[in-house]
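Chemist: Got a structure for you, questions after.
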Amino acid sequence: MARRSSRVSWLAFEGWESRDLPRVSPRLFGAWHPAPAAARMPTRWAPGTQCMTKCENSRPKPGELAFRKGDMVTILEACEDKSWYRAKHHGSGQEGLLAAAALRHGEALSTDPKLSLMPWFHGKISGQEAIQQLQPPEDGLFLVRESARHPGDYVLCVSFGRDVIHYRVLHRDGHLTIDEAVCFCNLMDMVEHYTKDKGAICTKLVKPRRKQGAKSAEEELAKAGWLLDLQHLTLGAQIGEGEFGAVLQGEYLGQKVAVKNIKCDVTAQAFLDETAVMTKLQHRNLVRLLGVILHHGLYIVMEHVSKGNLVNFLRTRGRALVSTSQLLQFALHVAEGMEYLESKKLVHRDLAARNILVSEDLVAKVSDFGLAKAERKGLDSSRLPVKWTAPEALKNGRFSSKSDVWSFGVLLWEVFSYGRAPYPKMSLKEVSEAVEKGYRMEPPDGCPGSVHTLMGSCWEAEPARRPPFRKIVEKLGRELRSVGVSAPAGGQEAEGSAPTRSQDP
C-alpha cells in the first residue's frame, strides 16, 4: 500500500486512480486545508467558454443537446433559469440546452501540442503501464499521464519507496489542483511547483521519466551544434526582465551578446523545446539565436541588438529625429519578419513594440518569436497583454497568425504615436469591453490615413477578414515607394544551420 502524504489529498494506490477520501482528523495526518467555500460554489460560464461534460445525455429531450461524458462544448448563452445553458457541441456542431451541473471548465484541457514535448508527459497510458515505466523504484521519479478512467483528466504518478502513487489532477474553476488548497494554471506550473515543495504529495518531484523513443530537444540541439560552452560566457548588467528570468548583457568569445536566463529546470525544459524551433529560423528581421547553455537551468544566447527596444527608441527621439519614412521602414521590417514566421506556420503570441529590437543600422528585428508560447504557458488569461491581444485569443485562447495580425495593428499604432501606450487612459477592463463592442483606436497625430486604414483592417472582428502578413508587406512597400524610399529586399537567409566554431560570436 502506498504511503499517505502529510496532508489529506486525493490519492490512488498502485494501479488505482484517485478516489475522494473521507474527511480525516488533521490530528492524525498533519494539517489539512479544505478548499475555500467560494471555490466550491458553482461557476457561471461566460459565452465563449469551453467546457467539458461530466456525464452523458444519450436520450435528449426536444431542445436539449446530446453528449457523452468527456465531450467538449462551447457556451453560447446562459438561460434565464441559471441552472441551464445553450451550448455548441465541438464534435457534432449541434446546438442545444444542457444543465450547468453537467459541465466543468475545459480550458485546462485544450490540446497543447507542446505538452507532448515535455519529458515527463506520457499521454494515454494506464496506471499499470505508469508503474512499469517508473521502475526501478527511485524516490521522486515521476511522470504525468492522461487518465484512462476519467477522460480529459490527468494523473501525476510518483515513485516513493517501493510504491508508485497516483494523484488525480482535479479541475476547479478553470484551474488544476491536487489537494484543493494550491491551484495552478497548467500542468507545467504544477510540476514546477512540486519540484520545489512537496506540499500535499509524498515527495518532491526530482527526476522525470522520459517517454521511451522520444528524442529530447537537448539531444537535437547538441547533435546540431547549438550547445555552447559556459566557460566562454561572461555575464554583465541586467538589461531586462521577463516572466521567468532576467535578460543580461554578456560576451561570448569576446563578442557582445544578450542572454536570457531561465533558472527553473522544469520551465527551462519548456523553453528548450521552443529554442529547438528557433534554430531552424534565419531572417534579417528576426533576432538571431546563437546557442544555448545548460547550467542550473538554461541560458539562451542571442545576438546583441545595440539600440534596444522600439518603444524606448521612439520615445527618446520623437518626431524631431525619426521621420515618417523611417517609421514606415520599421513597420515593414516587422511585417517581413512576421511574414516569414507565418510562412513557417509559427505564431508569435506576444507581438508588441517592446518585443522589437533596433540594430545599429536601424533594422527592426522581432524578438522572443520562439519563446512567446513557452512564456504564455505560465500565464493565465487575466495576465495576458490585453491591449495587444486579439479578442478571440482573450476570450477562447485561440492564437493564430490572424491574432498576430491584430497585435501588429496595435504595434503600428505604437510606432506612429512614437511609443505611446495604446488605448490611453483606458483600463484593461475598459479596453476589453470596448473592443468587444466594436471600439477601435483613433489614428495618432500625424499618422497617414492609409496607415490608419491598414490598422483598421488588422482589427477586423472576424479573424478571416484580417490580411495575411504577405499583403501587409505589399501595402507597406507601396507606402514607402510613395514617399520616395525603396523597400528593402527580402531578408530570408539560409535556414537550419547551426553556428560553426568560426561563426561563434
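Each residue's number is its place along the chain shown, starting with 1.
Quick reminder: no glycine exception, Cβ is built from N, Cα and C everywhere.
What Swiss-Prot lists as domain 'SH3' is 46-108, and the listing cites sequence analysis. The domain 'SH2' annotation in Swiss-Prot covers 120-209. Look at Swiss-Prot and you will find 233-481 tagged as domain 'Protein kinase', backed by sequence analysis. Swiss-Prot lists Ile239, Gly240, Glu241, Gly242, Glu243, Phe244, Gly245, Ala246, Val247, Lys260 with the feature ATP binding site, giving sequence analysis as the kind of evidence. Per Swiss-Prot, the feature active site, proton acceptor maps to Asp350; the stated evidence is sequence analysis. Annotated region 'Disordered' per Swiss-Prot: 483-505, in sequence order.
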Chemist: If I take every residue in the domain 'Protein kinase' (233-481) and average their pLDDT values, what number comes out?
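Modeler: The average pLDDT of the model in the domain 'Protein kinase' (233-481) works out to 88.
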Chemist: Of all the recorded positions given, Ile239, Gly245, Val247, Asp350, which has the fewest Cβ neighbours within 10 Å once its own Cβ is left out?
Modeler: Ile239
Chemist: Distance check, please: Cα of Asp350 (active site, proton acceptor) against Cα of Val247 (ATP binding site), rounded to an integer number of angstrom.
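Modeler: That separation, Cα to Cα, works out to 17 Å.
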Chemist: Does DSSP give Val247 (ATP binding site) helix, strand or coil?
Modeler: strand
Chemist: For the domain 'SH3' (46-108), what are the DSSP-based totals of helix, strand and coil residues?
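Modeler: Here the numbers are 5 helix, 28 strand, 30 coil.
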Chemist: So if I measure Cβ to Cβ from Glu241 (ATP binding site) and keep only same-chain residues at least 6 apart in sequence, which ones fall under 8 Å?
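Modeler: Same-chain residues close to Glu241 (ATP binding site) (Cβ under 8 Å, separated by 6 or more) are Val247.
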Chemist: Going by DSSP, how much of the domain 'SH2' (120-209) is helix, how much is strand and how much is coil, in residues?
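Modeler: Counts, helix then strand then coil: 17 helix, 31 strand, 42 coil.
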